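Peer 1: Sharing a structure below in structure tokens format, with a few things to ask.
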Amino acid sequence: MAVRFLFEALQKAIDEEMEREKRVVLIGEDIGHYGGSYKVTQGLYGKYGKHRVIDTPIAEYSFVGAAVGAAATGLIPVVEGMNMAFILLAYSQISNNMGMLCATSGGHFQVPMVLRGPGGIGKQLGAEHSQRLESYFQSVPGLQIVTCSTPYNAKGLLKSAIRSKNPILFIEHVLLYNLKGEVPDNDYLLPLEKAELVREGSDITVLTYSRQRYNVIQAVKVLVEEGYDPEVIDLISLKPFDMETIGKSIQKTHKVLIVEECMMTGGISNVLQSLIIDNFFDALDAAPLILSSPNVPTPYTGPLEEATVVQTIDIIESIEYGITGKPPKPRTAKK
């Protein structure tokens, strides 16, 4: 068992899968000689060469399309988008080809590929590089969406994604690459469609994913000291949702709060809230609550940037309100 940064866990996953299966190839901007913007592919060009680690121009539409073709004809591409905001330039390829080709070809072509890279709000990266776009891709037929949040699940999930026969959007958070954690040295896989029960509780079900997992954990620590008992679930799979795990928790707590970094309009939480109401209405004591980011571009300056992201104090107050139904008590904590 080694302690690794999250980016190192991703690197290890890719390395192991490239060594195991010669059809796995890497495609993307600056992934070869440079080793990737966040060093996830560092060292792989030297080990596997230019035919398996392919540097591309800054042309997302073209290299995602090339990867779809490669996947349909027998390879297993792992594509790095330097920033998820600019993967939008390849949206037509993702929607019309990556997601739907298997169905539109009557099953003649499969598209076993992974499109991965950083998303979320970083530290003063500016509006264009601070977008949360997972909900943009949720409506693409045939596309799975997976998020990682720890070095342990990053490695296990990415290995599973590479071995899957489905096209997968694998979202990493820019602020989690330097997160440290224990990662087994052995070959292990984690299920792509399974949520993680982070903390058992009985008062309310808190659903979250990616970076907000850690803000939720900090909020729960404060509330536990005050006598509250929230249950915390890391969704991991954003499409499809693990409704079995979610439902089991709701049957116990009867209250729900969804915490996300997406914007409040059209976010992941809107779809999840609807599914919860449709499937578990009779188990709910109140409507599921949503805590999302405001509908504004992310400012560059630090204090304003922070104001556009859900903070720990927001989560504390929302959980308390969800449990008691009363306005939260005044607190001085800001994070």
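Each residue, glycine too, has its Cβ placed from N, Cα and C.
Residues or ranges marked as thiamine diphosphate binding site in Swiss-Prot (evidence: similarity to another entry): Glu60. Summarising the annotation, Swiss-Prot assigns K(+) binding site to Ala161, Ile162, Asn166.
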Peer 1: Starting from the Cβ of the residue listed as 'thiamine diphosphate binding site', draw a 10 Å sphere and report how many other Cβ atoms land inside it.
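Peer 2: Within a 10 Å radius of the Cβ of the residue listed as 'thiamine diphosphate binding site' lie 24 other Cβ atoms.
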Peer 1: In sequence order, which residues at least six apart in the same chain have a CB under 8 Å from the CB of Ile162 (K(+) binding site)?
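Peer 2: In sequence order, the residues whose Cβ lies under 8 Å from that of Ile162 (K(+) binding site) (at least 6 apart) are Ala13, Ile14, Glu17, Glu21, Val24, Ile76, Val78, Val114.
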Peer 1: Looking only at DSSP and grouping its letters into three states, which state does Asn166 (K(+) binding site) belong to?
Peer 2: coil
Peer 1: Which residues, same chain and not among Ala161, Ile162, Asn166, have a CB within 8 angstroms of the centroid of the CB atoms at the recorded K(+) site?
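Peer 2: These residues sit around the K(+) site: Pro112, Met113, Val114, Gln144, Leu158, Ser160, Arg163, Ser164, Lys165, Pro167, Ile168, Phe170, Leu192.
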Peer 1: Counting Cβ atoms within 10 Å across all protein chains shown, which of the binding-site residues Ala161, Asn166 comes out on top?
Peer 2: Ala161
Peer 1: Tell me the Cα distance separating Glu60 (thiamine diphosphate binding site) from Asn166 (K(+) binding site), rounded to the nearest angstrom.
Peer 2: 20
Peer 1: According to DSSP, which of helix, strand or coil covers Glu60 (thiamine diphosphate binding site)?
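Peer 2: Helix, per DSSP.
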Peer 1: To the nearest Å, how far is the Cα of the residue listed as 'thiamine diphosphate binding site' from the Cα of Ala161 (K(+) binding site)?
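Peer 2: Rounded to a whole number, the Cα-Cα distance is 21 Å.
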